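Contents: one structure, followed by commentary.
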Amino acid sequence: MGKSSKDKRDLYYRKAKEEGYRARSAYKLLQLNDNFHFLDDPSLKRVVDLCAAPGSWSQVLSRKLFEGSDQQDRRIVAVDLQTMSPIDHVTTLQADITHPRTLQRILQLFGDEPADLVISDGAPDVTGLHDLDEYVQQQLVMSALQLACCVLKPKGSFIAKVFRGRDIDLLYSQLACLFTHVTCAKPRSSRSTSLEAFVVCQGYQPPADWTPKLDPSQSVQQFFQHCLPNGKHIAPFMACGSLESFDSDATYTSTCSTDPIATGDKHKPSLNPVQQPTNPPYKQALLLKRQGRLSRHVR
Ligand code: SAM
């Protein structure tokens, strides 16, 4: 999260920097929790944060699970393809969630004990080809679900980002076979112009005759083939976050205390990022530009 004019337009973006979160996504998790309270359960011990970089969801987990109490037996594991700067009380793993070895590494960190909660905010790099992007996103959700099925304890919860494309009802019906409650939730901090939403799946209860086991030679489809249906199911929809919270699509100019114009301070400076990216792809380009060696191809 860098420094830009978005500071003035996107209140969640600025609020994240003020409150020390590495990304505005933190408010999506907080608003989901306001409605579903999955982070308020005092018996919550082991949590997996999939696709976690730069780490704002892990920061929320760390604050919720550890602030104000010395909870030695609690454990948070955060996984991402990218390196993550350290976060208090969080063990970070640089790994691919679609690789079977990642499951083993998570289970090792939990001492082979099951997790209470798996959350995933995974998003692949978009190509701009909508069908392809939707397909790859769906594959990522299925990989997160596969991992969750192998690591969750009975009655555990799974929260994952989805895009409400054409085939979303199939995903809902598959989730409904594995969890007693499945809701599609849209936090107010998620732009209403985006298809993004979150499936909140509670009460993990896999079919009695199915034992989830990761086999590296099997595809995700083969893993689920004996337990998931092909029919459709409609999940209830819920908007999350109170009506007083900021609308992520609105432009605030006069009523918000964090808005420079509202506070009468037109020169209120843009805030620095909470955490600089560890190895951003633009690093090389900046270096070349400083050295005057960045040339642009002209057709
Ligand atoms: N929840 C994060 C936060 O609050 O800071 C933001 C997550 S960001 C929207 C999506 C992340 O998914 C990216 O960091 C990307 O590297 C990660 N990702 C995509 N595919 C992945 C994969 N196969 N394995 C692990 N991470 C993956």
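Using the three backbone atoms N, Cα and C, a Cβ is placed for every residue, glycine included.
Automatic prediction, not curation, is the source of TrEMBL annotations.
Worth saying up front: this structure is predicted, and the values here are computed from it rather than measured.
Record note: TrEMBL gives Gly55, Trp57, Asp96, Asp121 as S-adenosyl-L-methionine-binding, and the candidate from Asp40, Asp41, Asp73, Asp80 in that site is Asp80. Gly55 (S-adenosyl-L-methionine binding site) sits 15 Å from Lys161 (active site, proton acceptor), counting Cα to Cα. A separation of roughly 17 Å, to the nearest angstrom, links the Cα atoms of Asp96 (S-adenosyl-L-methionine binding site) and Lys161 (active site, proton acceptor). Residue environment of Trp57 (S-adenosyl-L-methionine binding site) contains 29 other Cβ atoms, counted within 10 Å of its Cβ in all protein chains. Spanning the residues Gly55, Trp57, Asp80, Asp96, Asp121 that the record associates with binding S-adenosyl-L-methionine, the maximal Cα-Cα distance equals 18 Å.
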